[in-house]
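Read the structure below first, then the notes.
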C-alpha cells in the first residue's frame, strides 16, 4: 500500500464529496435522476407552501436572467387560474430539466434540489453512499486531533443531508464544519484563503483531498497541501498530473505522523 505522509504542520483535513468521499455514480445515477423523476410530483404536493413558492420565485428570477440563452425555458407569473397552475408547474419542471441538462450550478436550482433531497432523505427514500474507507479513516484522524471540514459545490444544507442520512447512519458528528460556493468557487485560490481564515488557521495547516486537479491547483496556489483522490468512476488523469500530484486511492493511505 502506498502511504502518503501528512506534513507535521497539518491540523485540518478538508474534504471534497463527489468522487472523493462519495462515488460519482451515487450523485449521477441516484441523486440527480431523483430530481428529474420527482420534481413535478414534488411541486404539485408542496406548491402552496411558502418554501416552495420562494424556490419557484428564485427559479423565475433566474429564468429572466437566462432569457438570452439558447433554449432557455421561461417561467410565467401566476394568474391564480387553475389551468395556468398546471402550465406553470410544467414550465418550472421544464426549466429545472433544462438547467440540469447543462449541469448548471445556479443557486435557484441548488436550493430546490436541496429541499427535494431533504424530503427524500427524511422519508427514507434514499441513503447517501460513502466509500468504505472514509468513515474509519475520519474517525482515526479525529482521534489523532485533526479537524475535518467539507468543501463542496453542493449547498451546506445538501452536504448535511448526506452526512446525516448515510448508509453508515448519521455521521455529521465526524465533521467540524461545512463550506460551499458561497465562500467562493473551488477553482479559485482565494476561496481556500477564506476557508483558512474562517477556520482560524494558516493555509499550510490544511490538507485538501479532491479528485479534481483544477481544484487541487487552486488550493496549492493558496499554499494548501493537496492530495488527489483516485476512485472508480472518476475522470482519468494525464501522465503529467499523475507525476505532479500526490495520489491516493483510499483515505487509509494517509499516514499521520502524530498518530504513530
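Placed from the backbone N, Cα and C atoms, the Cβ positions cover glycine too.
Just so you know, TrEMBL annotations never went through curation; they're auto-generated.
Pulled from TrEMBL, these are the features on record:
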type	residues	note
BINDING	16, 18, 211	Mg(2+) binding site
BINDING	152, 153, 186	substrate binding site
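Taking the features listed in TrEMBL, we show where each one sits on the structure.
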{"residue": "16", "record": "Mg(2+) binding site", "Cβ within 10 Å": "21"}
{"residue": "18", "record": "Mg(2+) binding site", "Cβ within 10 Å": "21"}
{"residue": "152", "record": "substrate binding site", "Cβ within 10 Å": "22"}
{"residue": "153", "record": "substrate binding site", "Cβ within 10 Å": "18"}
{"residue": "186", "record": "substrate binding site", "Cβ within 10 Å": "22"}
{"residue": "211", "record": "Mg(2+) binding site", "Cβ within 10 Å": "21"}
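Counting in whole angstrom, residue 18 (Mg(2+) binding site) lies 8 from residue 152 (substrate binding site) by their C-alpha atoms. The distance from the Cα of residue 152 (substrate binding site) to the Cα of residue 16 (Mg(2+) binding site) comes to 5 Å.
Between the CA atoms of residue 153 (substrate binding site) and residue 211 (Mg(2+) binding site) there is a gap of 13 Å. Rounded to a whole value, the Cα-Cα separation of residue 186 (substrate binding site) and residue 211 (Mg(2+) binding site) is 12 Å.
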